[in-house]
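The structure appears right after this line, and notes come after that.
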Amino acid sequence: MKLGIVIFPSKMIQDKANGLRKRYDPHYALVPPHITLKTPFETQDEQLESIVNELHTIASKTNPFTLHVGKVGSFAPVNNVIYFKVEKTPELTFLNEEMHNGFFTQEREYAFVPHLTIGQGLSDAEHADVLGRLRMKDFYYEQPIDRFHLLYQLENGTWTVHETFRLGKGNN
């Protein structure tokens, strides 16, 4: 089974991102806009209960926080992904680190750069054009975050929520 761990932003932020993703992201229909805390990983069905228990522990050790989303960035030249930048708060960093230590040992493919993908799989020319236009626009959103989600991938490639974890002591 393939799992991933994400934060979903508010509907307003998702709507803004989806307005762009419809045109620039071939994964638009597979998963809603999100901030990845742990990239997708394979696991056995019998490990799911232990994973859920560990995520409850991590959530209880993390205080709710404010998510700041703004500006447009890119991972070029590594890859042609365009994204909304997400401010790296201590809480986001803690969540990401906890999901790559101890129970969740897994090699990182990239350093943690919190972001909300709005375009990917673009040609070099299209990437440069879209990025140039979006960088001229003013984007800034903030919202309180009090939960994260464990997702699993269905056979058709779409992702769905398995469980939601509320941040802070006494919420799980």
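Including glycine, each Cβ sits where the backbone N, Cα and C put it.
The model shown is predicted, which means the values in this text are computed figures rather than measured ones.
According to Swiss-Prot, the active site, proton donor annotation covers His34. Cβ environment of His34 (active site, proton donor): Val6, Ile7, Phe8, Pro9, Leu116 lie under 8 Å away, each six or more residues apart in the same chain.
The annotation active site, proton acceptor is assigned in Swiss-Prot to His115 on the grounds of sequence analysis. There are 20 other Cβ atoms within 10 Å of the Cβ belonging to His115 (active site, proton acceptor).
Long-range contacts of the motif 'HXTX 1' (34-37) within the same chain, counting only residues at least 6 positions beyond its ends with a Cβ under 8 Å from a Cβ of the stretch, are 4-9, 67, 86, 92, 95-96, 99, 114-116, 148. If you look up Swiss-Prot, you'll see 34-37 marked as motif 'HXTX 1', on the strength of sequence analysis.
Same-chain residues lying 6 or more positions outside the motif 'HXTX 2' (115-118) and placing a CB less than 8 Å from one of its CB atoms are 9, 13, 17, 20-21, 24-25, 27, 33-35, 69, 72-73, 81-86, 134. Feature annotation from Swiss-Prot assigns motif 'HXTX 2' to 115-118.
Residues in the motif 'HXTX 1' (34-37) partition by DSSP class (helix H, G, I; strand E, B; coil) as 0 helix, 3 strand, 1 coil. Across the motif 'HXTX 2' (115-118), the DSSP tally of helix, strand and coil residues reads 0 helix, 4 strand, 0 coil.
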